[in-house]
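This report concerns only the one structure given below.
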Amino acid sequence: MKFQFSSPSKIFLFSSVILILIFIGIKFELLEDTNSNRNDKFNNIINRFINYNIDDSIYKNKQQQQQFSNKIYSNEKKILLKNKIIDTTIKPSININNNNNNNNKLNNNNNNNNNNNNNNNNNNNNNNNNNNNNYYNSIEYYSSFVSRLLKSNDDDGIYYDDYQSKYKKNHYIVQFKDRINDETREQLKEFLIGTDITILKEQPFKSHIVHYIPHDSFLVFMTKEQSVLLSSKEWISWIGEHEPSNKIHLNYHEKSIGYPVYIILSGSTNSLIQRWENTLNSILTSYNSKVKLTLINQKKLKSIVYCNDESPSSSSSSSCSLIGSEKIVYKWISEQSESNYIERSEKLQTANRLSPTVIFGTKDKLVNNDRIDIPLRGKGQILSIADTGLDGSHCFFSDSKYPIPFNQVNENHRKVVTYITYHDNEDYVNGHGTHVCGSAAGTPEDSSWAISSFSGLATDAKIAFYDLSSGSSEPTPPEDYSQMYKPLYDAGARVHGDSWGSVSLQGYYGGYSDDAGGIDAFLYEYPEFSILRAAGNNELFASLLAQATAKNAITVGAEQTAHVNYVSDALEYYDFSDNANFQRPCLFDKKYCNYTTAKCCSEVSNVKGLQLCCPASIKQNASDSFTTQPQFYNENNMGSFSSKGPTHDGRLKPDIVAPGEYITSARSNGENSTDQCGDGSLPNANGLMSISGTSMATPLATAATTILRQYLVDGYFPTGESVEENKLLPTGSLLKALMINNAQLLNGTYFWSASSTNPSNAIFEQINGANLIQGWGALRMNNWLYVKSSNPTPPSRWIGIGGLGKNQKATEWKEDSLSSGLNKSYCFTYKPSSSSSGSGGGGGTPRIVATLVWTDPPSYSGAKFNLVNNLDLLLLNSDDDSIITIGNSGGSLQPAGKVAQPDTLNNVEGIIINPTKAMNYKFTIAGTNVPIGPQKFSFVFHGENGQFDWADSCPQCVDGVQFPCLITNGIGIQSCGSDLLWTKCIVQSCNEGYNYNSLKNTCDKFLSYNYIIIIVAGGTMVLIILLLMWIKYQEYKESKRDSFRRFDDGTGIFVRPKDKDAKVTPPDLYNLVSPFIIELTIATACSLVATAASILQPFYIGNIVNNIPTTKSIGEFKSDFIIIFILAFIEFLFTNVGSWISGIVNEKMVMRLQNKVFRALIAQDMGFFQRNNSALLMNVLIVDTPMLRSALTGILLSIATGVCKLVGSLVFIFTISWKLSLAFFAAVPILGLVTQIQSQFTKRLTRQLLFHNSKASQHGTESLTNMHVVTNYCKQEKEMVKYSDQLMNVFITARKLIITNTFAGTGKWLLIESLTFVILYFSAYLVIQKQFTVGLMISFSLYIGYVVDASSSLFGVYVSYIQCLASATRVFMILRSAPRKRTTLEEEEADRLAGLSGGGGGGGDNGDDKKDKQNIENGKDVLPSNIITPIDNVENSNGKQDDPNNNNNNIGNLDYSEQLDGVSTVADSTVGLTKRELKKQKEKEQKEYFKQTGISVAETPTFLPSSYTELTECRGEIEFKNVSFRYPTRPDVQVLHNINMKFEAGKCYGLVGPSGSGKSTTLELISKFYPLHGETGGKIYMDGIDIAKIRPNNLRSFVTNVHQHPFLFDATIGENIGYAIDNPTQEDIIEAAKLAYAHEFINDLPKKYDTQIGEAGNLSGGQKKRIAVARAICAKRKIMLLDEITAELDPESEEAITQSIKVLTQGHTVVMVAHKVAAVRDCDKIFVLEKGYLVEEGTHDELMANKGKYYRMFSEDKDDTPLQNNNNNKNNNNNNNNNEPSSSSTPPNDQPTPPPQEQQEQKNDQPPPPPPQEQQEQQEQQQQQQQEQQQQQQQQQQQQQQQQQQQQQQQQQQQQQQQQQNDQPPNDYDQVPPPPPLPSESPSPPTGNNDGQPLVQMDEENDEER
């Protein structure tokens, strides 16, 4: 029966859940509204922190220091956009008035704040008013929030109209009062998430932060309602709408008209874009133009405006005004709330034999292009390039084994791992992409070719290529650059080069475009990726390509190459026709306007001016210039064409320069697939060409970066050898920092023009070490890329990488990170060099170069400045922390005598100094402003011409100094430790709305309701789930040890079969509660909710106490009191619901469990009830079962509530003070030890208590049941004394249990009280020391109480579990011993293969299942020794012939001499023992006594066969064949010996013999009350079918057994008579009573048949016997077994019943046991038994004539009649003994069988209970004497028996021969005994043939066997 809720209950629970969810939601909103208050104290802390780091000793006076501080940490409230600078101190914030009086007050207060910043009192008043107004605004918002949730669907139309404008999302600029840090950013995010309501279908996207905008502002996409609520926050200073004019960045002029325009969105859908396009096209109808909108991704849209008669790809038309159309379109789009930035797409354009010698050279000399000077060439690295195409047939890229892998990855290709065909799969003639790839990594497959001298730089690296153009067109990359970079990244590339870009056509030179933002975004998401971009070839300042302005990319400019290149390769492979200029000759004379280069060259001798258009002349002039002016053409000069910086916001670009002039590399031959290299000889004009440009410099820098990455990844740094532990995975920022740090400013001349001078490059240094022309200088890798194998002398440069100092492993390196206000320092030492050689030594000027690089988040393209996170690099003297210099200072930007200006623009900062004396230096990186953090960074520095090393320590402070420190949402303090390092920042106070979290030492919202629910409920459920998983795992392990499956008998409770002595395990207990797991889960959930609600109450109580000193009115606590009340109500509600459900579960469980136990008892066979007392069994049913139920359900709920309360309280106490919490955990081991000791005593005493209770109950029941005997013998006083003794045992045991629990509880109480005192004392000390608040102390104390209570509950669970095991022991003994049926034949086979002994449990697997199975499949008869066949009568492994289906087998070591009270008797004899030994033995017995349960069951349970023969009708024929039997309680006494009898259908048979001869046992065997044991037990057949194969209930439906003692129920007489059949009629009952001659005395009773047995007084024995006979007659069974039914009847009744029996024999088989001859005189046959032997059989007359035992029993003169020799009697079945002779089973042959011993006789022929120990010993001695006598007699009889056997065999042979001759069966069934079986065979029962017919057929006439 499953647990079900009624309809009111469902409504009640559903309403409660809704109430809780609403409360949680409102609480979440309220907590979100309670934000940190950034007050003046917080700002003061920042200033003090800053002033400390910038020490007084830095500058001469305070004025300089203040100027510097103000410059760095300026809090100027201006929003810097490209189109506009917004001064938020002047421009008002958004209007949050909305006709609300309270909001008007808020605006007035805000104005007051702006106008009265110097008046502190007014500010405080205004802040208070603001807080009140914020409260009312919040209430108004949440009221509308709830009303919207409850609004019906019918109001959707009105709702949409009312709220469309209010909830339409738009872009707002939100400025913070203070610097943005991680916490304030997360606050804003949480606010947007918590207040976001998506109502409009066209705007399904969420509110979110779009971009950072300087200063201290975010561009936010949200609703107007959110902006109004956000403006009331204390931490917000200004909010304004993002005006449409600030979104547009377009110039409308002829050059740019018609080019695509990109619209950056904050969210979009296809339907939204379609709606835009339809609207715009309807507007443009009058302008004869259209617009095409294409969605690139969800945040980028491409727009093209075109005329109606042209396609979208056209640029202009005279038939329409595109300028006017574009202005209309983009003005309209800018007014749409989803757009945030609009910019024009720009026109894309593309922008080596000696180049490697330049890059890997030094400032003084070049190196050779070989493996000695350049040993590393990028092996194991993959670089990627996106360009116009790649000629795969060129020898630099072709592979003789593998083709080019197009759109797939194949790392087996020697050069190209993938070729992504975005446009096509080839390059055009003289293609740009082929040349670029050749410079980067191209090399022929045969390195011996001469052309290999022009190989690229990273010849061992492989290429991942992305094709950007089709044919000879300019490159066209995807609009979303991540679609280009991501496939290359996935192919394994980590360094990428782009030699192309776009040129702005609208005047924003060096502007930060959306393409640049896309590059920054990809690098920010994939920090290990590096992108190098060409600066451009526009030669002017601020002429960088748009993509080159990306902050995180490495922008590459072009320097000149080695001078030898100009006089050799350039003249050979450069096409000078590209330089032909026809404009100037045309201006001179119009006739030259149409000249060709050939015409120019033909007339150049006459007109020198034509040299300008003659390539040959141009080449000659160049050659002359190269030769005569080498100072203008060498590697120390910049390329004049290289684009220069800065960017639009003043950032320094390019970053580095590389050779880019006259670079000779691979030439493409277009579609021709022929290898243009030919035989690889030189010169090779088909395979090589020379080009100039930054496009040529970029692949060389890309290759150099790839080699640098190989250097780090392979572990060459810093030893110059590949070392495994030195392998480092670099980030892109680290590679960039290393490239820049080791770059070198070119110091050559710069070629302006022929008329100008050649100034030094030094005048262009805007900062120290860098300028706008060459950035940080040219790559010179040899200065530090040291490889020991090629150069054993270490370089003169010492290099340090931040985070890789002393004792730091390269394999564990990762970037450090900073948030706002934090810093990181690196210290090193410098000493002047004592020699000119050695590591770190040199003869030049000492020099220190440091570089800081970080990957900055992408910027908003419309911002005026594009740096988001600002870090600053400072160099300090570590001895006194005085600042020496700051990053990016010096140069022309810092005039002499002025204070160094901090860099707020670049994400690259450098410092270059020349140390003059030995000193400890400290580089400090400060997180000046990190709005999107934490910001990771890479720091690299090197020293040259001196001795450098990491410092042993890096001091950060002065010893003993304390200083306030910045913490999130609060204020802390830190001290300078003895190691001169700042200690951890300790929280001093938290801002409003935050609480101290001692676990993280921070101020968090960690203690909010939402987190508590998650931690407490979630954690508890996880623990419970883990517990259940552990139980199921244990159950799984148990199932692997046996082959049993758990079974259900209809009660819903499952029990796994085990041995009787097996321990009760948690899986066993879980099986009892599993049917109620749903109800218990609901009750547990209710308990969790109630416990969670109770846990929160101390927190709010503590808040009230904390706020009392600063509170003026009790009304301010209203919200806290309401919350406490709601929590208390929730606790009350769910506690009662949980108790109600658990109570119902308790009652249901005890009902089912008792039903289960009762079923197990009812299913037991008779042997079980002979061994166990019924009163004891009832005690288990009534006492143990409810105790087990209570413990089980109580344990589960206690675990749930205890864990819930413990986890939740621990969360609070740890967040309040983890130190105080340790005091509790110090007490846990003591509590656990006490509990463990208590549980051990409790387990033992509980078992004793249950046992003594059972004994007392048993004694009381027996005394009351046998009251006649007690009264008759006057033993009342004796029984009272015995019962008192039993109760005294109960009392003594209970007293011990009480004492144990009392002492344990007292110990726990003392420990808890001591713990509470210590905690209270220490917390009071902390309060006095101002380290703790009173409210926290009260909350902590309350939570400690919760923790202690929960701990005690959980420890009590363990004690309850131990008690549960004690009560479960006897219950499971009964449940496991219940007979049960196997469910499938497969299980029987599994049991057989597992080697189950006699069908019982236990494993007998020898691990050879495979062999066993093979034996079976091969049909072998011999099975392994451990395999027990399930067929009946097979000898068990214990040597005894036990029935596998019998619960009473003598299996294993079960001691059947145990007393019923469970006390094991010691087998050793007590004869000859001293008193001391007797005492010890008694103590030993006493110990064994308490180990017992009082219940005796078989070692293994009974397994019934999986299938039975079902009888639908019965003839009533019964046959005994070789039946022998022993009672399970007396296995040493054989009751029946080899009995052979046959009862034919429809006849009456009598069984007579002395008491104890086995008559009643025979009837019980027919009823299958006891199963036969093994092969020696013989067989009993009913209608030719072995009764072992018949289901017991099916068999008994045809058999009725009237016992010699009538058993009547406490019911009416009629109910007792009709008990055997269902729904008996009154006529059936009366008829049966008449036949039993009971009708007359029943009618004499007052109520006749309705008389209760108890109300009828004491019925006589005869009356009870007649009622029992009537019940048997009423059953109308085919076979009637009557046991002494006439024993207590008067002669008249006896005669009547005898006549009735004659009537019953008509159609029935009747077997009667009687001691009176009158009862059996008329039987068809009488069987005479004596001492378990069948001694005679025949009719009354025949037996009297034989004058045997029957005659002596019933004749008047017994002594005069001699006893016939039974061995010569043909009816004695013992003459034909089919079993082996046994001295104990064969009576003497020459004398009558001696009568049975009196002490073994039991009245009514029942097996006696075990005698007392002394009687048993006497009996054993007598039996031993008898056995000795029998052995002597046996020796005398052996010869005679052998002779008799020989005679019998001869007679049998003669009879068989005679039978064969006559072909007729014998006349008498019993005349011819069956032949003895072979030694290896067993007697086989009659079985059926394949057709289901009996093999033994009965002749209907003669009723004889064929």
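Quick reminder: no glycine exception, Cβ is built from N, Cα and C everywhere.
Checked against Swiss-Prot, the range among 534-554, 1143-1163, 1332-1352 recorded as transmembrane segment is 1332-1352.
A separation of roughly 30 Å, to the nearest angstrom, links the Cα atoms of N1522 (N-linked glycosylation site) and N1172 (N-linked glycosylation site). Classification of N823 (N-linked glycosylation site) by DSSP places it within a strand.
In this view, the densest Cβ surroundings among the glycosylation sites N621, N672, N1522 belong to N1522, judged by other Cβ atoms lying within 10 Å. Counting only the Cα atoms, the space from N621 (N-linked glycosylation site) to N594 (N-linked glycosylation site) is about 23 angstrom. In the shown protein chains, 12 other C-beta atoms lie within 10 A of the C-beta of N747 (N-linked glycosylation site).
For the glycosylation sites N594, N1172, the ranking by surrounding Cβ atoms (within 10 Å, all protein chains) places N1172 first. Within 10 Å of N1172 (N-linked glycosylation site), counting CA to CA, the glycosylation sites N594, N672, N747, N823 contribute nothing. Taking Cα separation as the measure, N594 (N-linked glycosylation site) is nearest to N672 of the glycosylation sites N672, N747, N823. Every protein chain considered, the tally of other Cβ atoms within 10 Å of the Cβ of N823 (N-linked glycosylation site) stands at 16. Calculated from their C-alpha atoms, the gap between N747 (N-linked glycosylation site) and N672 (N-linked glycosylation site) amounts to 45 Å.
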